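Enquirer: First, the structure itself, so that you have it in front of you.
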């Protein structure tokens, strides 16, 4: 699943088409047919069918979670479990590549249901689809009404005998439709660049009138023989390109600028705007980063501003519409508060030259504690499904009772169901951490904001459910006639405990004995993410051994280094950090790896990459830098930062530099992102490595017999 090169203008597209003609050795006027596809803003998926039966479904992954989503994909009603038609016409093996997405109407209906239930709505369809597909419970996935459109072929092996001949990419799509595999109805085969430009213009005007979010137009040379002649670079095919529409820009009014505080104490101003639909979702808030950015943008509270989504994902204010600064409309300049809006501690730069202001009250600032507790429950931490953003806020900043169950994370593992049951909490925006306004459904409560204003916010009961309904207070003993005269009905909710509280307590109990590296991440030591935590856990084997190590011993561990070593030592020097460790230990948290032989004696790694060294260079679409390293470590391999003769694989992404050159000079095995994903899942055998053949493992094939070998993402 190679990535695609991007075109951001008609000129970029024309230059690509000219290269296609030149590389094919034909005149610029020669006809070339292109297959144009709408670029779905969803999650890439690969479906493996063996003799017509679905046997595996895998995502490209994000470096933190497993790739196998077969059980969840089986709940997508549009994905056939068995291919239609005569089984004799089915390939022995075919990998169908496509995109899983949540339709615009289904996304809106899902958010309406969440708001009606007192829960925070999702931010956008793409992330919702990705999260839905990675649910631990397939029943949750089934409830989300996900869909899939196929857009390519990976591995393809025909059984012996006659089979369909594929001369064009569009032939494969016609074959998919006969087999019952859904294909986008918007695909078109056009003649020449003029036809491509017509399709781009059409969907540029109608991008909000189709069933899913549109991320651009993918253009492919339709004839497979020409595709093979054009070939590919190490990262992208030469016969395909993705045209990206410019980010959609809209106008809305800036109502206020509020300041939120994050897990590390950073105070960030956020724009609060009149709700506006942009790039598929309703936006109310956007980050303004810091006071200098606000000043540089020149925005005043009360301005009409230009808003877009950077990369069609992150809301961004570009600046004011100065021409719309009407006379008589009150506008005010933003002033950064001097004190933390959450705890009242004076804000200050943490070191000389810092632009950002931070709250130094790390121990007990409610916003920082909330952020750390949410981090503990994250997939990169203890992976506690019941400990998300709403629960973290409920435990640290409840609307009721006034005394929160957690003033620090110290007592997290000692929580009881009785502590949780009475909690009411303000719903907060997952991106900004600011309270969400009440929209007329459910319960509400008043919250003072950073600028001194009072917001009527949405309030929920995360650990309660409606156990019964009765008459409103004062009408319990009224006569039927009195109730009718007052217009009251038996619809006043009586709350009782839900199963959520017990689920959280149970998951915390299980989390106490999770892998040491997850416990280390959960301590919220600066710079100690999953990669560094794995390295420390594997080398030292226990928290006590890490605490006893010198700076030199810590820094010498591969994947740690002096900066992280200093942060680890500094963390242990803080008294309240020691209290967290000791309290967690008393509550049953395990701070060692059972059977670990001791510092420096690594346990033998296991997994598909055991004994292999992998270097990743350049940007990958589906992995962050740390995510790629973590994925390698999780598969039992060694993630190295330098290329040498001892390197087994070099994964090459966008803008790879000298490491790719050196790898080619040394004759090392080079993989694209799709090969990397396959390697993580199946080891050398999955990428047709000779060492796997020597071990008797079957060789895989990819892109054979007219397959496309790309991912239109």
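Count begins at 1; order follows the chain as displayed.
Every residue, even glycine, has its Cβ placed from backbone N, Cα and C.
Pulled the feature table from TrEMBL, pasting it below:
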{"type": "BINDING", "residues": "3, 4, 37, 60, 99, 220, 244", "note": "NAD(+) binding site"}
{"type": "ACT_SITE", "residues": "39", "note": "active site, N6-AMP-lysine intermediate"}
{"type": "BINDING", "residues": "340, 343, 359, 365", "note": "Zn(2+) binding site"}
{"type": "DOMAIN", "residues": "604-673", "note": "domain 'BRCT'"}
{"type": "COMPBIAS", "residues": "689-701", "note": "compositional bias 'Low complexity'"}
{"type": "REGION", "residues": "689-713", "note": "region 'Disordered'"}
Enquirer: Let me check the 10 A CB neighbour count of the residue listed as 'active site, N6-AMP-lysine intermediate'. How many other CB atoms are there?
Expert: 24
Enquirer: Taking the recorded Zn(2+) site as 340, 343, 359, 365, identify the other residues of that chain whose CB atom sits within 8 Å of the mean position of the site's CB atoms, giving them in sequence order.
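Expert: Neighbours within 8 Å of the Cβ centroid, excluding 340, 343, 359, 365: 261, 265, 339, 341, 342, 344, 345, 347, 360, 361, 366, 367, 368.
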Enquirer: Who sits close to residue 359 (Zn(2+) binding site): which same-chain residues at least 6 apart have their Cβ under 8 Å from its Cβ?
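Expert: Long-range Cβ contacts: 261, 265, 267, 340, 342, 343, 345, 347, 365, 367, 368.
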Enquirer: In terms of DSSP three-state secondary structure, what is the assignment for residue 365 (Zn(2+) binding site)?
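Expert: Going by the DSSP assignment, residue 365 (Zn(2+) binding site) belongs to neither helix nor strand, so it counts as coil.
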Enquirer: Could you check which of these binding-site residues, 4, 220, 244, sit within 10 Å of the residue listed as 'active site, N6-AMP-lysine intermediate', going Cα to Cα?
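Expert: Matched binding-site residues: 244, sequence order.
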Enquirer: If you draw a 10 Å sphere around the Cβ of residue 340 (Zn(2+) binding site), how many other Cβ atoms fall inside it, taking every protein chain shown into account?
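Expert: Residue 340 (Zn(2+) binding site): 24 neighbouring Cβ atoms within 10 Å.
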Enquirer: Let me know how many other Cβ atoms fall within 10 Å of the Cβ of residue 220 (NAD(+) binding site).
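Expert: Result for residue 220 (NAD(+) binding site): 27 other Cβ atoms within 10 Å.
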Enquirer: Show which residues of the chain containing residue 244 (NAD(+) binding site), separated from it by at least 6 in sequence, have their CB under 8 Å from its CB.
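Expert: The list for residue 244 (NAD(+) binding site) reads 6, 7, 8, 215, 216, given in order along the sequence.
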Enquirer: Highest CB neighbour count within 10 A among the binding-site residues 343, 365?
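Expert: The residue with the densest Cβ neighbourhood is 365.
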